[in-house]
Amino acid sequence: MRVIRDDADGLVLWLPGGTPVLRAVLSDGRHMRETPLHERHRGGRASKRDVWRGDGVLKIAPTGAPWSVWVFWDADRHHRCWYINLEQRHVRDDAGIVTRDHELDVIVWPDGSTEIKDDDDLAAAVAAGRFTEHEAATFADDAQAAIRVVESWSPPFSSGWETWRPDPTWPTPQLPDDLASDH
């Protein structure tokens with residue numbers, strides 16, 4: 001990913017389509033979204049080299065927030081939606097940024113309307129013991145807090161990121177050759 005901004009307000013990263021990534025998969029190599037929901041949270045996890053699919057995404061991690069906001073466009077660079085990815089607050093270490101997905105997400109459409117996404121996935125994670133009921137309730141509260149940010153049209157939604165464009169001359173980021181993967 002390319003760092004676009006890193007300041008007191010948070011971290012903004014650009015991930016162009018086709019960028020090599022290290023993706024979390026099931027220990028047998030299956031991609032999470034290609035696995036039936038009742039199997040997705042049972043068993044171990046592994047990492048697999050893959051590529052980011054789609055037209056690229058701008059990821060905004062507001063300082064201290066238990067979410068990041070992803071900005072998506074279509075192939076013609078028309079703003080498609082914001083996507084609030086509920087996750088562990090970002091922590092920096094020597095290798096980069098550490099976070100953990102909380103399964104629950106919120107889609108924010110260009111008109112400002114919101115839609116909770118993947119509550120079924122969170123319920124399956126709780127049933128499998130990946131998260132507790134208390135943690136799931138906290139994640140639901142975090143989703144409502146994020147929706148309040150949308151409703152007040154506060155940053156990053158009011159910051160104009162939906163009109164941001166990457167420099168077309170930027171090379172595609174690469175993963176380090178020595179980055180370990182399981183598959």
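Just so you know, glycine gets a Cβ as well, placed from its N, Cα and C.
Keep in mind that TrEMBL annotations are predicted by a computer and have not been checked by a curator.
Per TrEMBL, the features are:
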| type | residues | note |
| --- | --- | --- |
| DOMAIN | 31-153 | domain 'DUF402' |
| REGION | 160-183 | region 'Disordered' |
Please list, for the region 'Disordered' (160-183), how many residues fall into helix, strand and coil according to DSSP. 3 helix, 0 strand, 21 coil
How many of the residues that make up the domain 'DUF402' (31-153) does DSSP mark as helix, as strand and as coil? 35 helix, 48 strand, 40 coil
